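Taken from TrEMBL, the feature coiled coil applies to 426-472, 602-635. Taken from TrEMBL, the feature compositional bias 'Pro residues' applies to 1-12, 225-244. The compositional bias 'Low complexity' annotation in TrEMBL covers 13-23, 187-196. Annotation source TrEMBL lists compositional bias 'Basic and acidic residues' at 246-257. Annotation comment: TrEMBL describes 1-26, 187-257 as region 'Disordered'.
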C-alpha cells in the first residue's frame with residue numbers, strides 16, 4: 001500500500017522581508033507537507049526523530065511558522081504510533097472501495113483518518129472542514145461517506161452534515177456537467193453526420209475540419225474521473241437453425257442393383273446344384289464310435305477336473321479353562337496377604353521417616369522476600385541515580401556504574417549470607433537426619449525384640465495346643481477303654497445269663513423265661529435281661545448320638561472351611577478387581593501425568609522463552625533508548641557546532657552522508673537477508689530432494705516386491721496349468737490309443753470279411769456283391 005511520495009511543497013514567493021518572517025501554510029500546503037514528510041521516511045537508514053528534524057529543517061519548511069512545523073511533526077509522530085491500526089483500517093477501506101479509491105492516495109487517506117480519529121476534537125469542525133475542502137471533493141466524499149465512525153458522526157454529525165452536502169454537490173455537479181458535455185458532443189456529431197450539406201462538399205469539409213481541430217488542454221492528473229461502471233455484455237446472436245435433410249424411404253438405386261445381382265447369383269447356384277446327387281462315402285456309412293469315445297474321454301476329464309481335494313478344517317483353539325482348587329485360592333490369598341503386609345510395613349516405614357520442611361519453606365520465603373527487597377532497593381537506587389544524573393551523560397554513566405557496583409556488593413553480601421545460612425541449615429538437617437537414623441535403628445531393634453517375643457509367645461501357644469491335644473487324646477483313649485470295659489462286662493453278663501438259663505432241669509427249660517428276673521449268680525450289679533436290653537439300647541442310642549455329633553462337627557468344620565474358602569475367593573476377586581482398577585487408574589494417571597508434564601514443560605519453555613524475550617527486549621529497548629539519547633545529544637551538540645562553524649552546507653553534506661551510509665547499510669542488510677534466504681532455499685531444496693529420493697527408493701522397493709510376488713504367482717499358476725495340461729494330454733493320448741485299437745480291430749474284421757468274400761467261388765466282384773445281396777455264402781466252404 002506504499003504510495004508514491006509527492007514532491008515537497010514549494011516555498012512561497014514574496015519580498016526578502018516577507019521571506020525572512022515566518023510564513024503561514026495554507027490547508028492544502030499543510031496536508032501536502034504532512035504527506036511528503038511521511039512518504040520520504042527511511043526507517044532502515046535514519047531514525048524517526050532524525051527524519052522529522054531533517055524534514056522540518058528542509059528548505060521547503062524552514063521558513064514556515066513554528067505552529068505549522070509542529071503540526072507536521074505531530075502528524076508524523078501520530079502516524080508512526082498508530083501505524084498498525086491505520087494500516088488495518090486502510091486494508092478494510094480499500095477492500096470495500098476498490099473501484100472508487102486510488103492506491104496512490106493511501107497516504108492521504110491515512111493522514112485524514114488519523115486526524116478524524118485522534119485529532120478531531122483539537123482541530124474542531126472549522127479546522128477539519130478547511131483541511132477537507134482544500135482536497136479533491138470526490139476523494140474526500142469517498143472517505144467521509146464510507147466510514148462514519150472515523151468522522152465521529154455520532155458525536156457531531158449535525159456539524160459535519162453541511163460539509164458532506166457540499167462535497168456531494170461538488171462531486172455530482174462535476175459528474176452532471178461532464179455527462180451533459182458528452183451528450184451535447186454526441187448530438188452535435190450525430191446532427192453533422194445526418195445533414196447532407198448545401199450544394200457540394202465544401203461546407204462539410206469545413207465543418208469536419210472545424211470539428212477535428214485539436215484544443216490543447218493541460219493534463220488533469222490530480223483530479224481523475226470516477227471509474228465508470230462496466231458495460232453490460234451484449235447477448236450472443238441467436239443461432240440459425242439448419243433444416244434436416246429430406247427423408248427418402250426405401251433402398252437406393254445402387255442397393256436395388258446389388259440385391260438383383262445377389263438374387264440372380266442365388267438362382268444360378270440353385271439351378272447348377274439341382275441335378276447334383278449327394279456324395280455317399282463309405283467312411284460315413286460304416287459305424288463309428290469315435291463320438292462316444294470322445295464324449296467318454298471328455299466326461300472323464302471333466303470329472304477329474306471337477307473333483308477337488310477338500311481341505312481339512314482348522315482345529316478349534318484350545319479352551320484355556322482355568323480351574324482353581326482350594327490350594328490355589330489359599331496360595332493366592334497368602335500371596336496377597338504378604339503383599340498387604342509389605343505395603344503396610346512400607347507405609348509405616350515411610351511415615352516413620354517423614355521430615356518436616358516448614359523451616360525450609362519459611363527460610364525460602366524469607367530469602368525470596370529479602371531478594372525482592374534487595375532488587376527493589378537496587379531498582380530504587382538506580383532510579384534515584386538516573387534521576388540525579390539526568391543532566392549529563394558522563395555523570396549518568398558514573399552514577400550507574402557506582403550503583404551497579406553497590407548493587408553487586410549488596411548481592412555478593414546477600415549471597416554470602418545466604419550461603420552461610422544454607423550451610424548452617426544443611427548442618428542442622430544432617431544432624432536431624434542422623435537423629436532420625438538413630439531413631440529408626442532403635443525402632444528396628446525394638447521391632448526385632450518384639451518379633452522374638454512374638455515368636456516365643458507363639459511357641460508357648462503351640463506347646464499349650466500340643467498339651468491340650470495330648471490331654472484330649474488321653475481322654476478319648478480313657479473313654480474308649482471305659483466303653484470297651486462296659487462292652488466286655490455286658491457280654492460277660494449276657495453269657496452268664498445264657499449259662500444260667502441252660503443249666504436247669506427239663507421242667508425249668510420248658511418254662512417260659514422271665515425277662516424281668518435277675519440271674520442272681522453272685523455277679524456284681526446283677527440285672528435282668530430286660531434291663532440289660534434297655535441298657536444296650538441306651539448305649540446304642542448314645543453311640544449314635546455321639547456319631548451324629550461327630551458327623552455334625554465334621555460337617556460344621558467342612559462348612560466352615562468352605563465358607564472361609566468362599567470368603568477368601570470373594571476377597572481375592574475383590575482384590576483382583578481393586579488391582580485391575582488401580583492398574584487402570586495408574587495407567588490413566590501415568591498418561592495424565594505424562595501429558596501434564598509435557599504441557600507443563602511446554603508452558604515452562606514458553607514462559608522461559610517469553611520471559612527471556614521480554615528481558616532481551618527490555619534490555620534492547622533500554623540500550624536503544626540510551627544509545628538514541630546519547631546519539632541525539634551528541635548529534636545535537638555536533639549539529640550545533642557544525643551549524644555554528646560551517647553553516648547549512650556542512651549540515652546538508654552530513655545529512656546526505658548519513659543517508660548514503662544508511663542506504664549502504666540497508667543494501668548490506670538486504671544482501672545478507674537474500675544470502676540467508678538463498679541458503680535456506682538451498683537447504684529446503686536439498687531436504688526435498690532427499691525426501692524425493694527416499695520416496696523413489698521406497699516406491700522402487702515396493703514395485704520390486706510386487707513384481708517378485710507377481711512372478712511367484714505366475715510361476716505357481718504356470719506350474720498348475722502345466723500339470724493340468726499334462727493330465728489332459730495324457731487322457732487324450734489314452735483316448736487316442738483306445739480309438740486306434742478299436743479302429744485296428746474293425747480293420748482286421750473288415751479284411752477278414754473281404755478275404756472270405758474273395759475266397760468264395762465267384763470270379764468277379766459284381767457276382768460276389770449279388771451273392772451277398774441274395775444272402776448266399778461267399779466263402780470257399
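Cβ atoms are placed via backbone N, Cα and C, with glycine included.
Nobody curates TrEMBL annotations by hand; they come from automatic prediction.
Under DSSP, residues within the compositional bias 'Pro residues' (225-244) fall into helix, strand and coil as 0 helix, 0 strand, 20 coil. This prediction places the mean pLDDT of the coiled coil (602-635) at 82.
Per DSSP, the secondary structure of the compositional bias 'Basic and acidic residues' (246-257) breaks down as 5 helix, 0 strand, 7 coil.
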